[in-house]
Amino acid sequence: MDFNREHKINFLYVLAAMVGVLLIQSLVSQPDHIRTIPYSEFQQLASQGKVTDLVVGPTRITGTLKDAPKDSPRHFSTLRVDQALAQSLTNENVTFSGEPEPGPWPTILGWLMPIVGFALVWMFLIRPMSMGPGMDGMMSIGKSKARVYVEKDIKVTFADVAGVDEAKDELKEVVSFLRDPRSYGRLGARVPKGVLLVGPPGTGKTLLARAVAGEAGVAFFSISGSEFVEMFVGVGAARVRDLFEQARKHAPAIVFIDELDSLGRARGSAFPGGGGHDEKEQTLNQLLAELDGFDTSIGVVLLAATNRPEILDPALLRAGRFDRQVLVDRPDKKGRAQILEVHLKKIALAPGVPVDDIAALTPGFSGADLANLVNEAAILATRRHAENVSLDDFTQAIERIVAGLEKRNRLLNAHEREVVAHHEMGHALVAMTLPGVDMVQKISIIPHGIAALGYTIQRPTEERFLMDRAELMNRMAVLLGGRAAERLIFADVSTGAADDLAKASAIARSMVVRFGMDPTLGQVAYEPETTSALGLPNGSEWRPRQYGEQTAAAIDAAVRELIETASACAFSILQANRGLLESAARDLLAKETMSGEELQALLSQLGGGAASASVLRDGGDGAADAGQDRSGEHRALTVEGGEAQ
């Protein structure tokens, strides 16, 4: 944008307004109730005694006529030309007075005060409306709100981005194009007009876009998709045009649109019956038009980020617009270690802390989660006045993030503590008995978070993306282990297993209606995906079911049978190890927390797992895609806990 031209236009507006104010003042300042008369007429009136209340100045005389006509002004003014006037007035017995001629300041102030007043009005009212962030710019409402970062402002490079090597390799091509746009036309190649960064929240999409600008050393325009649309019709389209115009003037440059899904949602999807948001659609149409007329040879690249690619308009993703999609997924163990290396440089780390062990303890964590973990660990170390951050600080920080804050002021009575201890130990013993189940890392009966009265944390031993039928059944058995322990020891169940039961029911229903793992209903997908390709809730509108009442009853029966089978498995394991369950629960009551090493000492005393595992394998086979099921994203840390009511 030409800022000098904009300021020049504003100055012309102010100058024109000032001239108008001065003209109005000059017209108003000329009184129409004073009549100017010749000095000879004044002498004649004075000699006849028809004037009074004279004010005699060095150059002008003003006064009042005694008997003025009704349609004529009573006040008069004349220029003084007679130096012997005072003597003449005295001889005629006319009252008069003298007044010194005013200096130049009253006249100057009379002209300046309107100017100053208008300037103050412009500074405090008009200018904030056009420029201030608080009132969103009524005079610049059609201007883009993109924040511009010039080359020296971008301090982020690819060295600051870790754990997403594949995405960095894709974007390095964009950097080389920005450095030398003409080289890509040598063999007829065309650089993609738009690059769409797709990934779950917190994986570093915005950081990658800034790193591209930092590596290329070009201007970086950053704007959110929600900033285009306002309450006025046509504003969004105007801002899209202005954004691309600014980018062309600052070329080479990068235009980054964050949260593209708020702008590029599929047209006609605002209501199930059709229609849509006309203003958003108009803004999207303008964006599509700009992308069609976008000449990449000028050195401008459009980047965008979203975590909901499935709701974007197909016209936006076609070849020639956003024709390249770069997946920025949650990092694996190696990627997490690389991300931790970047963030650990900012804190005082104790010597000998194994980064790989921390990475192994954080499956499913995104880059933002890991940054938060390092900060939480540093806060915990500061709280205990330590010289540096130890591995124990990271372990406690993981527990705070996964299970929530400790609530030691939430006091339980003796019976409730026993129920919670047996509940959590039931989870742990079933998990340690069944094969292929994530290793138990820690159990606790200290209340955490909003509702958890205790928790059991499991940590996967490896990255997994597929789960077969037996593994899903084992997972349900672990979830129902706490409820089975309550039924075995106390001959009753409590409300603390409500969350476990809901999770087990969700797995069982997915096995029946999505994975086709029920032999009676067959290999049919009765319900669509409930999560997006990135493992997030797709937020789609309600869809009517595609099956009848008889099939619905069969589905309910199959789900119930799977849950009952898993519950029976957990109960049989705990019944075979009842003595161990009771003794381990007593230890847990005394210690309140038990680590994975302490639990491993109980492993040699366990029995009854093989028979129970064979029961779970009966009834069919199959595999579930954990990447699509997302019942455990990348086999993330699993937490089972009693729920407070």
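Keep in mind that glycine also has a Cβ here, set from the backbone N, Cα and C atoms.
Annotation source Swiss-Prot lists ATP binding site at GLY199, PRO200, PRO201, GLY202, THR203, GLY204, LYS205, THR206. Annotated Zn(2+) binding site per Swiss-Prot: HIS423, HIS427, ASP500, in sequence order. The annotation compositional bias 'Basic and acidic residues' is assigned in Swiss-Prot to 627-637. Sequence annotations record features per position, and here Swiss-Prot assigns topological domain 'Cytoplasmic' to 1-8, 127-645 based on sequence analysis. Per Swiss-Prot, the feature topological domain 'Periplasmic' maps to 30-105; the stated evidence is sequence analysis.
Locations of recorded Swiss-Prot features on the structure.
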{"residue": "GLY202", "record": "ATP binding site", "contacts (Cβ under 8 Å, 6+ apart)": "SER366, GLY367, ALA368, ASP369"}
{"residue": "THR203", "record": "ATP binding site", "contacts (Cβ under 8 Å, 6+ apart)": "VAL164, VAL328, ASP329, ARG330, PRO331, SER366, GLY367, ALA368"}
{"residue": "GLY204", "record": "ATP binding site", "contacts (Cβ under 8 Å, 6+ apart)": "VAL161, GLY163, VAL164, VAL328, SER366, GLY367, ALA368"}
{"residue": "LYS205", "record": "ATP binding site", "contacts (Cβ under 8 Å, 6+ apart)": "LEU197, VAL198, GLY199, ASP258, ALA305, VAL328"}
{"residue": "THR206", "record": "ATP binding site", "contacts (Cβ under 8 Å, 6+ apart)": "SER222, PHE256, ASP258, ALA305"}
Write out, in the order they occur in the sequence, the residues of the chain not among GLY199, PRO200, PRO201, GLY202, THR203, GLY204, LYS205, THR206 that have a C-beta within 8 Å of the mean position of the C-beta atoms of the recorded ATP site. LEU197, ALA305, ASN307, VAL328, SER366, GLY367, ALA368
Using DSSP reduced to three states, classify HIS427 (Zn(2+) binding site) as helix, strand or coil. helix
Limited to the topological domain 'Cytoplasmic' (127-645), I'd like the whole-number average of pLDDT. 79
When distances run from the Cα of PRO201 (ATP binding site) to each of the binding-site residues HIS423, HIS427, ASP500, the nearest one: ASP500
Can you grab the distance from PRO200 (ATP binding site) over to ASP500 (Zn(2+) binding site)? Cα atoms, rounded to a whole Å. 26
Take the Cβ of ASP500 (Zn(2+) binding site) and count every other Cβ within 10 Å, whichever protein chain it belongs to. 22
Go through PRO200, PRO201, the listed binding-site residues, and name the one with the sparsest Cβ surroundings, counting other Cβ atoms within 10 Å. PRO201
Run through the Cβ atoms and count how many others sit within 10 Å of the one on HIS423 (Zn(2+) binding site). 31
